[in-house]
Amino acid sequence: MTSWMQVKVKGLTGSLEVEPLGQNAESLAYVYAINLAKPLPKGEYLTILVDTIQLHASYPKPAYASQTDSHFRVYEADGLLLSPYETTSQRLRFKAPTPSIRSYHISHTLEDLAKEEPVVKSGATVTFGPFKSQPPTATKGFNRTPYRVSVDFEMNIPSLTVVSLNRSVEVSHWGANMNTQDDYMLRNDAPELKGQFSRLDFQMAQHARRMSPVIISAVTLQLPSGAQNPYYFDLVGNVSTSAFRPAAKPSSERAARLGPQNAQLDLKPRYPLMGGWNYTFTVGWDAPLGDSAHWDEKNGRWILAVPFMTPLPSTPVDKAEVRVILPEGATDITVHPPFDVSLMERSTHITYLDTIGRPAFTFHAENLTEVHDGLIYITYKVPLAAHLQKPLAVGIASLIVFSVMWTLKRVDMTIHK
Amino acid sequence: MTILKLPTFAPSTLTNAASLIRILALAFIAGAAISSRLFAVINFESIIHEFDPWFNYRATRVLASQGFTEFWNWFDPTAWYPLGRVVGGTIYPGLMATSGVIYNILHALHLPVDIRNVCVLLAPGFSGLTAWATYMLTKELKDESAGLLAAIFIGIAPGYISRSVAGSYDNEAIAIFLLMITFYIWIRALKDGSVLYGTLAAVFYFYMVAAWGGYAFITNMIPLHAFVLLLMGRFSHRLYSAYSAWYAVGTLASMQVPFVGFQPVLTSEHMAALGVFGLLQLVAFVETIRNLLASKQFQLMLRWFLIAAGVAGGLIIVGLTVTKTIAPWTGRFYSLWDTGYAKKYIPIIASVSEHQPTAWPAFFMDLHMLIFLFPAGVVLCFKELREEHVFVIIYSVMASYFAGVMVRLMLTLTPVVCMTAAIALSSLLDTYLNVDEPANPDANGVKETATSGAETPVDGTISKKKKKGVAAAAAAAAVTPSIATKAKGRSSAENGIFGIDTRILVIGNAIFMLVMFVLHCTWVTSTAYSSPSVVLASRRPDGSQNIIDDFREAYYWLRQNTPQDSVVMSWWDYGYQIAGMADRPTLVDNNTWNNTHIATVGKAMSSPEEISYPILRKHDVDYILVIFGGLIGYSGDDVNKFLWMVRIAQGVWPDEIKESNYFTPRGEYKVDDQASEAMKNSLMYKMSYYRFNDLFSGAPAFDRVRNQQMPKEGPKLDYIEEAFTSENWIVRIYKVKKEDPLGRDLKTAHAFDGGKRRKPSKPISRRKALAA
């Protein structure tokens, strides 16, 4: 599943514009158009680099593993590039996280196309090809099945997936605070635990420090440097096993030595996450509003920058929903998400002692990775009256209550004396 | 004659200042009551405590999210699997309704407070109201100053805090407030003979009935009060109108609660109220007749009438009881009269620790100095013996008895102790803070002592002692509350205290006791009553707090990593917690309505694997959860509760389960080498100690709760397998294996998987023969 694509000209900085054209009705291939900065003169050549990120591209094999087993995954792919053009030479290079590669496989059809040695393994890298010249493959009659390649490699890093992430960001000008709260649903995508979990084996492995790397007993979130008052809870209450390491104060010596740093939140789930296990939790923190909001004096507007998400290292997010709640009475709002989100909604959010509610924007997106941690920019105006609305409302309400009590106390309601 | 010149103020200034100070004092008392209950939130977190509150919380969430009708008709298929439970008709909904109303009001005011926080803070909030209600009631008994003392006593007395700390979201949280406010309004109704107040008392009585099973206490206290007043010859039309209004409206209202239904007219517990109601009608009738007839005729008529009415009434009640129209006393009620009853006939009631008789130290722990002031206060009530004093005397007698029978009922004793102790202490303070000295000291011969004290300072200490004795006598004489003194004016008091030193001594002593009381209450509250028991705390060697969170770890694992419909079997203590935190169906829970079902679980736990397995499969059990404290020394674990499981199972299957089989021949409860065969083979024993030996890598395993060394060979499991064990091994979850697909019994299958061959037997040789 392609989650992200970036195109560059080799040797130049800055990426080229990519325009998705959707699925081609004839060849059933998804087509993208790349707009070159200037037309390429005939006879000259240009090297274009296309980076894409694919999610859930490998699967565990075997599908079940015990607590102490090392774990292997299989990556399968087309050996030939889908292309509307003729390809004179191509090869596929696969780099595994470890040199421990159990096997690799190339189909016979593809083997015959190879110019020399069809497959070469060196260290953690497996190279398929190079292959001979090919006619355009993104055509109606092309069958990809005979051209598959696969690699069976050992995985020694956790394969975690965020099944869903709900972020809610609330801005308060009175408190000069921006509160961020994330609801995570995690799943360990390592092979499912064979049999049942044995605490004894787990504790012994932990003691001997030979715990399988795919068992997740803690995750670390990199929070913005100003983050404070973090909290971590799940459906049954506070999880007491978290540790928060705030960033060094900007004025301190350590900060000068180390440069800008993130605050870190070490989260230890209630139980170690074995393969196939789920865990849901909520984390939240406060940060000074000044760190992410800027007063644009020229236009008399606030400019707010909200991170779309706080990525976990090499962990895809299947579904994300980000909700930004602006102060009550914010008007004249413009919204700029960092990438094309699948859906954007406006709603009204009512919280403590609000009278008319706050404007809120919800962004829905799927299949995100670390590269998607861009900023949502929102600009808005808050008139002075809106700032004063809440204290006035509370003041008037209390006044009414007290005057009613005062009146009742002074009215004689006895029928006869 | 005064010992101190006080500055004088205009009377209106004094009244206004006193009223302001009273309001401020009450506000501070409510603040103290609330904040002393927050230890649990500060030390741990905002969490629902213990067992029953988890159900109440779950029910409240249903009410808050789905509305009242849905809650009223809620059938919970996950409880008492496979029977299910009609929740709406089997609970007292007052608590949930209260939280639901508060929740909705807050949300209507745009205060989006989480329902959990409403539930956690409900008990502390209502304790503030209880303090106010106690103030009002004590004010009726003596005066405002006694009321304020009673309010602060009830505010921080551990006897009440034990059931109302933040997070202890149980019926008692609001019930004590309702108890006090109902009694207060009853007293007001009686004083004024007001039908309005009588009806109001009925309304609060209805609220109480909807909130707590302990409403029977009010149902019997008010009739008893009325009856005693009758016997004392104090029948009045005030009593008649107050009681009739309360009974008629209150009974009809209480029958609207589905769980109570027709009980108020059908069960023995409620007959006293009905009887007194009838009696009052008779007496009122007789009184009316007396005014109309000549005295001789009246005498004659009265005799016959009373005999006829008495006999008829008695016959009707006996007849109805015999024909079972009126239900006889329930077992729970019998256990109030005979403390050994429950142990013999209803082990399930006896197995609950809060149903045990109270130990003596508990009185001091829960009430501190109040327990000494309590009798003094009751005696002082005899001095005046107005109607409300009679009430307090009856209340104190009844509550003292019940508190002695059941630890849990300490709760109903605490308010009356606080009131009477406040009366006693306030009388003492009134006497000793009064700046007037008696006008004529010669009259009672006190002068000598006083003057000798002044003349010979060498004997100071002795004379002070003497004086103290005299002062005590004087205090006893002057206890008739200050109204008397006030009436007589400042200068002409006959009884009183001489000198300022006695005053300082006695008042200093009283203040010292009060300070000790506050310290004691704070200490008891913070150490004994503020543990959520879902989360445990221990100290690390360096003194920092270590949170042991095994329960939530295991429950959350169940919630996240097992199918939504997997049935979990555990002992009934953990039923509500599993339903609340793990959200999984359970076989039995803390609503112990079906003894047989519980006994079934007890039997499964105490039988060997091969006998338990069919029971487990028949009940669709997927997981079994046991609590095991042997590793870290958590004493409330299932092995310690095991004998109750055996006893309850024995009650239903006396032929199959025998308690004596689980003891060693010498009658000891052992889990080590000497443990009996029944013990070692029981599912509970096996699940608790499965692979426990391996943890000690060769060294003999040691159970830190029972302080016993485990046998070298640990138990083996064939029919179930370990599914999850929490970090400190407190919660262990086992998965029940499905039947073997090859049709072998699971023991053989397991042995085969373990690589053990069956001993060569005939089938093998036959196969050889075939091959040959």
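Quick reminder: no glycine exception, Cβ is built from N, Cα and C everywhere.
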Point to revise | Stated TrEMBL location of transmembrane segment, expressed as one of B:239-259, B:512-532 | key: B:239-259
Check your understanding: Taking residues 6+ outside the transmembrane segment (B:144-161), which of them lie with a CB under 8 Å of any CB in it?
Key -> 18, 22, 25-26, 29-30, 32-33, 36-37, 127-128, 130-132, 134-138, 176, 180, 365-368, 370, 410-411, 413-415, 417-419, 421-423, 425-427, 429-430, 518, 520-522, 524-525, 528-529
Practice item. Run the contact check on the transmembrane segment (B:86-106) against the transmembrane segment (B:173-189): 3 or more C-beta pairs under 8 Å, excluding pairs closer than 6 in sequence. Key: yes
Practice item. Could you pull the average pLDDT for the domain 'STT3/PglB/AglB core' (B:565-615)? Key: 89
